[in-house]
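The structure appears right after this line, and notes come after that.
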Amino acid sequence: MGSTLPTTYKRAFFEKQDATLTLEEVQLIEPQRGEILVKVEACGVCHSDHFAQMNLMGGGFPRVPGHEVVGRVAAVGDGETYWKIGDRTGAGWHGGHDGTCGACKKGLFQMCDNEQVNGITRDGGYAEYVLIRSEAAVRIPDHVNAAKYAPMLCAGVTVFNSIRQMNIPVGETVVIQGLGGLGHLALQYANRFGYRVVALSRGAQKEEFARKLGAHVYIDTSKEDPVAALQKLGGAALIVSTAPSPELINPLIEGLGVLGKLLILSIVGGIEVHTGLLVSERRIAIHRTNSIVRSLLTNSKVGKGKSIWSWPSGHATDSEEAIAFAELQGIDCLVEEFPLEKCNEAFGRSSSTTADRERVFLADFTGLTTTAAMMDGSVRFRAVITME
């Protein structure tokens, strides 16, 4: 490696399952063939970083989390021809692919049978330096703010890519459930895509904020029935679930119109789906026998063709397109910055459930005052760890 690089660097890692993050200084490792070494400028904190803490994907320990990385190439592995020292680059959830499986042959690299995941199965960006697979690295414009664009590599590309993959015609009604890290970006992307955007959340205090982000309609679920409200609008062509609320899944299905799609992007855990709601034109009676949910259809009419979808983030090109679209359309990711030394505080933001820990300052965004923007409830934005 070049003489300008340090011999050691700081990183935050999980030593064992369910542990807090530990800071340490370790030897800098040279990139191998197919890898680039990146000096980290910023790394977003995502709820999925808990997968590393709990070893849910078998990545093992010790593990450095973080898959929303922006930085610059500091060194390249042997034979590297695409990336050069000094290039602005980044890393998202997708950390590498084999290029030979069925998904890869279709260009769906983030669905690779042998996919690597940054910060989960390989070390991530809670560090001053990180090794990234060359084929999974994302080209980042030189002029963009690292902290604001780091979350685009997961939250941003997830909502951008999944919504566009649903192939909803322009002008249709698209509902965004939840106003957190994913939801506040989904509102903006859906608005710029040309949809009639409906924000679905609890609390009247969030309406102004939702409309500033691009919602044309706001439904306060604490005051009105979301199903009735959505059906009054003609039913949704697409509902994007960005908040983990299992009890809302079936009501959301009822809020869909003909051929409507429910896109689940949040981690909701185990849910029971009333399948009759997907095919029946009326409410159905649900009976439970031996823990098996059985749907009794109340009529024999042809169903409405409703469906439930998911979409796994995106690969490097998807991320580059999400960033380019965000720049073109003025989409803004709202973040709260932390130094690496406060990594545990930043990590706590991704799982906090109390109002105090979910408050962030948004005084400079769209004219909202600090008081109005420090909203109680389930509004949650992106914590970002920044390096000196």
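Glycine is no exception: its Cβ is also placed from the backbone N, Cα and C atoms.
Note that the structure is predicted; figures quoted are calculated from it, not measured.
Annotation comment: Swiss-Prot describes Cys46, His67, Glu68 as Zn(2+) 1 binding site, evidence class similarity to another entry. In three-state terms derived from DSSP, His67 (Zn(2+) 1 binding site) belongs to neither a helical nor a strand segment and is classed as coil.
If you look up Swiss-Prot, you'll see His47, Val198, Ala199, Leu200, Ser201, Arg202, Gly203, Ser295, Leu296, Leu297, Glu320, Glu321, Ala322 marked as NAD(+) binding site. Cβ-based neighbour count (10 Å, all protein chains) for His47 (NAD(+) binding site) stands at 18.
In sequence order, Cys46, Ser48, Asp49, Ala91, Gly92, Trp93, Gly95, Val117, Asn118, Gly119, Ile120, Gly124, Gly125, Leu153, Cys154 make up the list of same-chain residues 6 or more apart from His67 (Zn(2+) 1 binding site) whose Cβ falls under 8 Å from its Cβ. The substrate binding site annotation in Swiss-Prot covers His67 and rests on similarity to another entry.
The Zn(2+) 2 binding site annotation in Swiss-Prot covers Cys101, Cys104, Cys112 and rests on similarity to another entry. In three-state terms derived from DSSP, Cys112 (Zn(2+) 2 binding site) belongs to neither a helical nor a strand segment and is classed as coil. Cβ environment of Cys112 (Zn(2+) 2 binding site): His97, Asp98, Cys101, Ala103, Cys104 lie under 8 Å away, each six or more residues apart in the same chain.
Of the listed binding-site residues Cys46, Cys101, the Cβ environment within 10 Å is emptiest of other Cβ atoms at Cys101. Listed in sequence order, the residues Cys43, Gly44, Val45, Ser48, Asp49, Gly66, Val69, Gly92, Trp93, Asn118, Gly119, Gly124, Gly125, Ala150, Pro151, Leu153, Cys154, Ala155 complete the 8 Å Cβ shell around the Zn(2+) 1 site centroid, once Cys46, His67, Glu68 themselves are left out.
Ala199 (NAD(+) binding site) sits 26 Å from Glu68 (Zn(2+) 1 binding site), taking the C-alpha atoms as the reference points. In the structure shown, across all protein chains, Glu68 is the one of the binding-site residues Glu68, Glu320 with the greatest number of other Cβ atoms within 10 Å. Here the binding-site residues are Cys104, Ala199; the one with the fewest Cβ atoms within 10 Å of its Cβ is Cys104.
DSSP gives Gly203 (NAD(+) binding site) a coil state; it is part of no helix or strand.
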